[in-house]
Amino acid sequence: FTDLTPTHISWQPSVNAANHHTDRYANTELTVRRGQAFIITLYFNRPRQNGESLAFVTEIGPYPSESHRTRAVFKLSEAGPSGWSAAQGPSEATATNFVITSPANAVIGRYNLTLLVTSGNKISSRYLGQFVLLFNPWCTGDDVFIANENERQEYVLNENGIIFVGNARYIEARAWYYGQFQDLLNICLTMLDLSLYYRQDPGMDVSRRGDPKYVGRVISSMINGNDNDNGVLLGKWQGSFHSHENPSRWDGSVVILKKWRQDNYRPVQYGQCWVFAGVMCTVLRCLGIPTRLVSNFNSAHDVDRNLSIDKYYDSSGRSLNISKDSTWDYHVWNESWFVRPDLGRSYNGWQVLDATPQEQSKGIFQCGPASVVAIKEGEVDLDYDTLFVYTEVNADCNRWIVYNDGTKKRVYCDTEIIGRFISTKALGSNARVDITANYKYPEGKGIVTRVYKKALAKILGTSVTEGRTESADGRPSETVRNPGIAGKFKLAEPPVFGKDINLILVLNNLSSDRKAVRVDMSASTILYTRRTVAEILKATTSAELGPKQGKHIRVKIPYAHYGKYLTTDKRIQVTALCEVMRSHGLKLLVEKTIILEDTNIIIKLPRRIVVNRAATLEISYANPLPEPVSRCVLLVTLMNQQVKINLARLAPRERSKIYFEFTPRRSGPLQLQVDFSCDKFSHVKGFVTIAVAPS
């Protein structure tokens, strides 16, 4: 007899891809999920004889070994110790079907498959090719198993996303295209091989890739390029972006990941929190880990880890950038769904992962996975980085006045402002779902203070009996004396980009004594991280308040003052420091952040849009300014196809429109994004989700 040898292999791509929910990946090699059988067909040079036995070998990584579970040898119809198995399916004379099953905890990545033929005492091996193995949220034995099919459709298979931005009083939705099936799988696998973890110990690193907590943590370190590790994006939050991309320019992850590969894995410039989170969601969904984006409004960054955010102002109410602590209007991170055998069953479920480089964890810019349950319960000593995320949603907020002689006086403490309206996209729609209750107990209940004290005790290593107003180093701080007046800013009308802003400072005398009040007012354009860009208003006035009397002070910020200092964040912060005269320096600090509204882009759809048929949309855009604008550009993005349209200049307050024709190639939801820029402002966004009907 000639030796039994396979002459040809069929990976049965369409059958396997349909069974494994991998039919949308653009790569051509077999892509399957772990813990589930797949079929291959081998064509042999002759029928198999008695006494000839077959076995398969799977190998992954540079140093495959059975002890590391990166190599498995398994004979036909024999259950071996590796958890891999092969069985013969219904076959013909020379075409044999084999059903191969991987264990539900197998390492994920690209495998080599080899056939061993044993005939008597002779063993010959034949290399068959490569396949990719992914996490399997459909498999009950997999750590990432998620029981609800609607959740799997959303958190694994949906390529369109919504990111909630703005601030706690004005939440806006921004579209994001994840595009995890757009030929990114090789890029995502390469990302694992470029990490510092892999460089330190390739064999050990690959052997741990069956664990979603390990893979999630490694990916969180690789989305940012802050560790000299070929990360995907560099962050930048101030100054100009020059020849690089303003973070507001991005509409999705595909362009960023492909640019990263094209530039030989040099970090792409630039990202901010929602960009890091959007790209990480793409990579984790691509690898098969259920993942979603979460926005936290009034998000604390507590550098000194004392559960308190300290903000400083000078004696005229101007914000001072002297604290390392900060509060961002919003911060976006990811949640991924998997079990936590390292912590115990009660911590299974959603886990926070954050790729935005804020603080190092074990020497690397990475964050998580932190169990959302652990955060809610104040278990800040549990792995990984639970304390950092706990403070993002729970820190106290202190405001201090710094006098000319350097002395500091606390004028305000708020225990409820941080961590509001924690939001994520709804299943199957663009609606916002508030998930604050997953992260914290309702304010005003005693349990909140109990959890806070537990967290503080774990940080300080001692039990805490005082209330929450002490400074977190344990020393009671000077208590805030009530100045006897209350104040707030109200908008006289909605603040519109390009128009003057009219505000009213409402002051109320809470006492039955007359009060003379000096008011120092200032306004600055700011970033979403609340960093000051430029001061645009400074004024001092005074008010006489009779007993229990209220007073309205009008404030106007003309467009001419703010226009050229506004960033794409379109934010202005107004503060009033109100000092009660002859009261030994009692002061009230009133603050408001204004986001300028911009109803610029309007997209009109035809009544019905059908797959493979041309459709025409009407896109209208406007110049909201009292001056003309030129160099107008409209970017229209559908999935990862972008069209750039140069437009004529617009007169002051002029609105214009274009007609845009496209042909959808798939039925189902399709996101269309529009981005409008000109010489006076940039990256005004609009989007619509189109339901494409089957033909």
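Cβ from N, Cα, C; glycine included.
Straight from TrEMBL, the features:
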| type | residues | note |
| --- | --- | --- |
| DOMAIN | 265-357 | domain 'Transglutaminase-like' |
| ACT_SITE | Cys273 | active site |
| ACT_SITE | His331 | active site |
| ACT_SITE | Asp354 | active site |
Candidates Cys273, His331, Asp354: member of the active-site residues with the richest Cβ shell (10 Å):
Asp354
Mind tallying the domain 'Transglutaminase-like' (265-357) by DSSP state, helix then strand then coil?
18 helix, 42 strand, 33 coil
To the nearest Å, how far is the Cα of Cys273 (active site) from the Cα of Asp354 (active site)?
9
Averaged over the domain 'Transglutaminase-like' (265-357), what pLDDT does the predicted model reach?
94
